[in-house]
Amino acid sequence: MGQLKSKITGSGPGIQQGNPEEGPPRYSSHHFDSSINPNFTISGVSSGSEQKDMEPRKTSIYNTIDMAPQLEYYANTLPHQEIKIRPSLDVLRKTFEEVEAEKAAADDAAAEDEDEEPQGPQGKPPTRFGWFIAVWMRCMLNIWGVILFLRLTWITSQAGIVLGLVIIALAVSVTTTTALSISAIATNGRVKSGGTYFMISRTLGPELGASIGLIFSLANALAVALHTVGFSEVVRDLMRSYGTIMVDSLNDVRIIGVVTVTILLFITFGGMDWEAKAQIFFFIVLMASFVDYLVGTLIPPTPLKKSQGFFGYDRDIFIENLTPSWRGPDGNFFRQFAIFFPACTGILSGANISGDLKDPSTAIPKGTLMAIFCTTLSYVVIVITSGASTVRDASGNMTDLMTGNSTSGCLGPACKLGWNFTTCVQSQTCSQGLANYSQVMGLISGSYYLIVAGVFAATLSSALGFLVSAPKIFQCLCKDNVYPYISFFGKGYGKNNEPLRGYILTYLIAVAIILVAQLNIIAPIISNFFLCSYCLINLSCFHASIVNSPGWRPAFKYYSKWTALYGAMASFALMFAFTWWAALGTWFVISLLFIYITYFKRPNVNWGSSIQASSYNMALSFSVSLTDVKDHVKNFRPQCLVMTGPPKQRPALVDFVGCFTKQVSLMICGNIIMEPDKQTQFQDSTDQYVKWLNKRKVRSFYTQFTADTLRDGVRYLMQASGLGKLKPNTLVIGFKSKWMESSPTSIDDYIQTIYDTFDANYCLCILRMMDGLDINDHADFKENQGFEPDEAIESNDHQLPEKNSANDISENSDQVKTVFKNAGGTKTIDVYWIADDGGLIVLVPYLLTRRKRWRSCKIRVFILGDEENMKESRDAMMALLKRFRINVTDVVVMTDTERSPQPKNMNKFLESVAPYRLYDEQQEGVSVQELKKKEPWKISDKQFEAFRLKSERKVRLNEIIRRNSQNTTLVLVSLPVAHGDCPSALYIAWLDALTCGLHCPAVLVRGNQENVLTFYCQ
């Protein structure tokens, strides 16, 4: 064993992460070295230290290439040269000489690759941020907004301190449960870029994830415009206070807004480093304004501030403001809650840039929850301090100062403090105080301009945060290729993979909204978009928890599926409570996108979502519960095991069974592989055949089995296929059309398979196609000799594809249209009910006519009878079918089945079996036993004469079928059951004689002699 060498760059160990977009490598056995252990890279804090030998990575004690557990075998996002794939079972079972030979070939190929593609110098690693700056600070900046400065004190005046705290608690309960759900999802595996979209899509699947991802990206883009306009309006009002006007009120907002968002765009072009620096600056300004407010509450108020309602901390004011005082159209608890709730949003800001975090699994929970705690604490402090120091109503007039000690007729707690605001209170003309002045925080603070700077920082930081979040979410959505025509915006630039194209798109959307400057309708839609995101995040966590998938193992344990359910239901309810029409519009858009992705786009992705786990749980639960359901003839369904071989080789057989089993019963396509050494090749094509079935819209399972003979394989499949009550009861095979060219062993194998079907108490259907709609792709693998394809296609409408391997057939050429894909028109389905097998031969055409393509077809039933009782036989059958509630257009009684067949038809039959006869009576001196010993598969003269009458009946029945059913869509004939002493060659000749000469598909049907139809109600 060679020594394992690792690169050490410091004392702090941490596995170096690579490009997150790099996919998992392909594996071949020569990737493994039997003497050298795989290398891995460890990076630390310091750089420049020399490479040192580490303790070699140990192998298991079983094999020199059977490695001990290590990270490189589980991580698919490490640099390509560091990714290692564990040896397969096939490699572990190879001898040392085989591994050495493959290793030598791999070394030669690797040397050539290194000469052809020399590696260039590696660039600087991308900038990654920790939880403090990228999550905690960013979330706080986006949670704090204009509501903190301009609306929170007004809400305190309306709801009072007690109900104000209740409003805060209810709002925070929703955001906290959402943050707990985010933390659980973020710690259940590595989180890449894409934030909220990535979490929802990887948990609930692309259908819901991509739906919310698109509108959430749009909501973030529109939020840029909203916060920019909010900033522009404050700047405009400030300019007006100094008598400065550029154009007019509306155009001033547009000009300031466009200039502002352009400056923010250039900041984002500087990369995440510049954006982070700008956010740090805004955070410092906000903290300074908050400190300025707290200091202001402790400074004794001036007479001017007292006239405006601020008196400092006072017990009477605090008691007065404990209870609510509802005023105006917004004077109710729920309306105040709706106004305050946007002040708690913004908790997803850190998660939205998950691709730029050093450790998203740690940073997102820690930073988000800490930000919620800090902002909630700030809201509580402002509600209590403003409610304890400022009266609800004040005039702002210095003349309201009371000069005497008399307080008679004075209303409000200000009376005891020497101010009388009774006049403006009674006339409702007060312009100051908590209830009337929106900038109370500026009034209370030590410096009004610091509060104004805080308003600027809150709006600009939110606008900048959304300007960064929207493109990053949209970039991840574009890279997933869920929607068409948007992949252009998925390209990243620079070491941080910056979505510059997305920045420009977001900028253009924001400018368009700023120029409109009518945001009253858009604002509630955006709030609903955010609430919808919260709802789906909580739903993702709840759903992942209840499905009990083994893959759901979040490292964050402080969550509950019931809190997640509460968060989802509360968010859903709040959407309709705030703005019902916006909620309807939001869910309508999501529904349209969901329908598009589910039924039209159908993205080819596999993310291991909880929806997939839930599907498994439901299927398992229903399958187990089905075992307690007793069989009843009313619930009989033909559950078919269809011996298609490779399904694309026999599309007619697949389509025929799919027509009467789709959404009705079970269908399993079986393939018997009679060459064990080619098992691996067929294993690789299993997924290809399943995709082919799905593309053909055939609801079927696919299974394959390795066996020495066809008979053994079918017998094994009949015993092993299915699960509980979901087990096949009907075998469907194709007719061996080239039986006369086949070996006697192959014929006997085919016929014995039929006998085994009867022994297993299975029903049996044998499909014969006369117009060559079974195809042969001329694949490189050997054709299954048990079920040979029918004649080659000769019509111009169905051309054979060119010769290709099974893996190289194009998606357009492998979907051949068969007669069962065409509309049956107004033709008939003829049923020759010769033997009563329980009614399967009548049930199958009934199920076919339930399909849209066959709905117009008429069913005719042919039965045996004699001329004397023909009317009675017909009436009896009509009555029976009527009681079965199966509509047939006619019942035909065949009275001439016992006549001798035409000589030319009988001679044709004799010619077909002639090669398989012994003609022992013509060979003198040789016993039948000796001839049978040499050729046991041949038919003796005694056997042939014993079955001559039955042979003639088969030929005669074929004449009747050809006479009556030349223009029908489908013919179904009762399958004869041969005696045990009937030779295989003679029996297959009977089947050939029954169905030859027809111009439509023919099906030989035999039930298991148990009723599948009933006319009873119980």
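Using N, Cα and C of the backbone, Cβ positions are placed for all residues, glycine too.
Note on TrEMBL: of 162-188, 972-998, the range annotated with the feature transmembrane segment is 162-188. In TrEMBL, the annotation transmembrane segment applies to 337-355, one of the ranges 337-355, 470-488, 717-735. The transmembrane segment (162-188) makes contact with the transmembrane segment (367-388): 3 or more of their CB pairs lie within 8 A, with pairs spaced 6 or more apart in sequence. Residues 20, 129, 131, 134-136, 138-139, 141-145, 147-148, 151-152, 155, 167-168, 170-172, 174-175, 178-179, 182, 186, 191-196, 198-199, 220, 272, 330, 363-364, 367-368, 371-372, 375, 379, 462, 465, 468-469, 472-473, 476, 497, 527, 530, 533, 574, 577-578 of the same chain sit 6 or more residues outside the transmembrane segment (337-355) yet have a Cβ under 8 Å from a Cβ within it. Recorded stretches compared: 448-468, 529-546, 566-599; the one with the most Cβ pairs under 8 Å to the transmembrane segment (253-272) is 448-468. Sequence-distant residue pairs (6 or more apart) of the transmembrane segment (278-299) and the transmembrane segment (367-388) include at least 3 whose Cβ atoms are under 8 Å, placing the two stretches in contact.
Sequence-distant residue pairs (6 or more apart) of the transmembrane segment (367-388) and the transmembrane segment (129-150) include at least 3 whose Cβ atoms are under 8 Å, placing the two stretches in contact.
Long-range contacts of the transmembrane segment (129-150) within the same chain, counting only residues at least 6 positions beyond its ends with a Cβ under 8 Å from a Cβ of the stretch, are 227, 230, 234, 272, 276, 279-280, 282-283, 286, 289, 339-340, 342-347, 349-351, 353, 356-359, 362-364, 366-368, 370-372, 374-375, 378-379, 382, 438-439, 441-442, 451, 454-455, 457-459, 461-462, 465-466.
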